[in-house]
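Asks: Have a look at the structure that comes next, please.
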Amino acid sequence: MNKHFLFLFLLYCLIVAVTSLQCITCHLRTRTDRCRRGFGVCTAQKGEACMLLRIYQRNTLQISYMVCQKFCRDMTFDLRNRTYVHTCCNYNYCNFKL
(Lines of atoms letter the chains of each structure in order from A and count residues from 1; the text may use other names and numbers.)
(Lines give C-alpha, C1' and ligand atoms only; values in the text may rest on other atoms or scores of the structure.)
Protein backbone atom coordinates (compact mmCIF):
# COMPACT_ATOMS: atom_id res chain seq x y z
CA MET A 1 0.00 0.00 0.00
CA ASN A 2 2.73 2.50 0.94
CA LYS A 3 4.65 1.82 -2.28
CA HIS A 4 1.54 2.47 -4.36
CA PHE A 5 0.82 5.69 -2.49
CA LEU A 6 4.42 6.84 -2.90
CA PHE A 7 4.35 6.04 -6.62
CA LEU A 8 1.09 7.96 -7.12
CA PHE A 9 2.39 10.90 -5.11
CA LEU A 10 5.60 11.07 -7.17
CA LEU A 11 3.58 10.81 -10.39
CA TYR A 12 1.33 13.66 -9.23
CA CYS A 13 4.36 15.84 -8.39
CA LEU A 14 5.87 15.15 -11.79
CA ILE A 15 2.65 16.07 -13.59
CA VAL A 16 2.28 19.29 -11.58
CA ALA A 17 5.91 20.24 -12.24
CA VAL A 18 5.59 19.58 -15.96
CA THR A 19 2.28 21.42 -16.39
CA SER A 20 3.06 24.51 -14.30
CA LEU A 21 2.78 27.75 -16.26
CA GLN A 22 6.09 29.62 -16.50
CA CYS A 23 6.11 33.37 -17.14
CA ILE A 24 8.88 35.90 -17.69
CA THR A 25 9.28 38.57 -15.03
CA CYS A 26 10.67 41.99 -15.71
CA HIS A 27 9.72 44.89 -13.49
CA LEU A 28 11.15 47.55 -15.79
CA ARG A 29 11.69 46.92 -19.49
CA THR A 30 12.71 49.98 -21.47
CA ARG A 31 12.14 51.04 -25.05
CA THR A 32 15.59 49.73 -25.94
CA ASP A 33 14.14 46.23 -25.40
CA ARG A 34 16.22 45.63 -22.30
CA CYS A 35 15.09 44.52 -18.83
CA ARG A 36 16.50 46.88 -16.23
CA ARG A 37 14.96 45.36 -13.08
CA GLY A 38 13.55 42.05 -11.91
CA PHE A 39 14.38 39.81 -14.87
CA GLY A 40 13.60 36.16 -14.23
CA VAL A 41 10.93 33.49 -14.37
CA CYS A 42 7.90 33.03 -12.14
CA THR A 43 5.73 29.95 -11.79
CA ALA A 44 2.06 30.88 -11.96
CA GLN A 45 0.00 29.70 -9.03
CA LYS A 46 -3.63 28.60 -9.19
CA GLY A 47 -5.72 31.34 -10.80
CA GLU A 48 -2.71 33.21 -12.21
CA ALA A 49 -1.73 33.96 -15.80
CA CYS A 50 1.24 35.57 -17.49
CA MET A 51 0.69 39.32 -17.76
CA LEU A 52 2.32 42.02 -19.85
CA LEU A 53 1.63 45.67 -19.10
CA ARG A 54 2.75 48.12 -21.78
CA ILE A 55 2.67 51.87 -21.19
CA TYR A 56 2.51 54.16 -24.21
CA GLN A 57 2.80 57.92 -24.46
CA ARG A 58 1.73 59.50 -27.76
CA ASN A 59 1.56 56.01 -29.31
CA THR A 60 5.21 55.31 -28.45
CA LEU A 61 6.05 52.46 -26.09
CA GLN A 62 7.74 53.87 -22.99
CA ILE A 63 8.09 50.90 -20.62
CA SER A 64 6.66 47.45 -20.04
CA TYR A 65 6.20 45.21 -17.01
CA MET A 66 5.93 41.39 -17.00
CA VAL A 67 4.84 39.15 -14.15
CA CYS A 68 2.59 36.27 -13.00
CA GLN A 69 -0.74 37.92 -12.19
CA LYS A 70 -3.79 36.73 -10.28
CA PHE A 71 -7.20 37.78 -11.67
CA CYS A 72 -5.54 38.88 -14.90
CA ARG A 73 -7.71 40.28 -17.66
CA ASP A 74 -7.06 41.99 -20.95
CA MET A 75 -7.81 45.68 -20.81
CA THR A 76 -6.74 49.06 -22.15
CA PHE A 77 -7.26 52.43 -20.50
CA ASP A 78 -6.00 55.98 -20.77
CA LEU A 79 -4.75 58.00 -17.81
CA ARG A 80 -2.79 61.27 -17.78
CA ASN A 81 -1.80 61.23 -21.46
CA ARG A 82 -0.64 57.62 -21.25
CA THR A 83 -2.24 54.44 -22.55
CA TYR A 84 -1.99 51.32 -20.38
CA VAL A 85 -2.40 47.99 -22.17
CA HIS A 86 -2.77 44.84 -20.03
CA THR A 87 -2.43 41.57 -21.95
CA CYS A 88 -2.87 38.14 -20.33
CA CYS A 89 -1.89 34.75 -21.74
CA ASN A 90 -1.69 31.12 -20.62
CA TYR A 91 1.25 29.32 -22.21
CA ASN A 92 4.89 29.24 -21.15
CA TYR A 93 6.80 32.50 -21.56
CA CYS A 94 3.97 34.00 -23.62
CA ASN A 95 4.25 37.43 -21.97
CA PHE A 96 7.72 37.84 -23.46
CA LYS A 97 6.60 37.04 -27.00
CA LEU A 98 3.60 39.40 -27.15
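Every residue gets a Cβ built from N, Cα and C, even glycine.
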Asks: For Cys68, which disulfide partner does Swiss-Prot record out of Cys42, Cys50, Cys88, Cys89?
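Replies: Of the candidates Cys42, Cys50, Cys88, Cys89, the one Swiss-Prot pairs with Cys68 is Cys42.
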Asks: For the disulfide involving Cys26, grab the partner from Cys13, Cys35 as Swiss-Prot records it.
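Replies: Here Swiss-Prot pairs Cys26 in a disulfide with Cys35.
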Asks: By DSSP, what is the split of the domain 'UPAR/Ly6' (21-97) into helix, strand and coil residues?
Replies: 4 helix, 50 strand, 23 coil
Asks: What disulfide-bonded residues among Cys23, Cys35, Cys50, Cys72 are found with a C-alpha within 10 angstroms of that of Cys42 (disulfide bond)?
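Replies: Qualifying among Cys23, Cys35, Cys50, Cys72: Cys23, Cys50.
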Asks: Just how many other Cβ atoms lie inside 10 Å of the Cβ on Cys26 (disulfide bond)?
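Replies: Total other Cβ atoms inside 10 Å, all chains included: 21.
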Asks: Within 10 Å of the Cβ of Cys42 (disulfide bond), how many other Cβ atoms can be counted across all chains shown?
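Replies: Summing over all protein chains shown, Cys42 (disulfide bond) has 18 other Cβ atoms within 10 Å.
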Asks: Cys72 (disulfide bond): which of the disulfide-bonded residues Cys23, Cys26, Cys35, Cys50 have a C-alpha within 10 angstroms of it?
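Replies: Correct set: Cys50.
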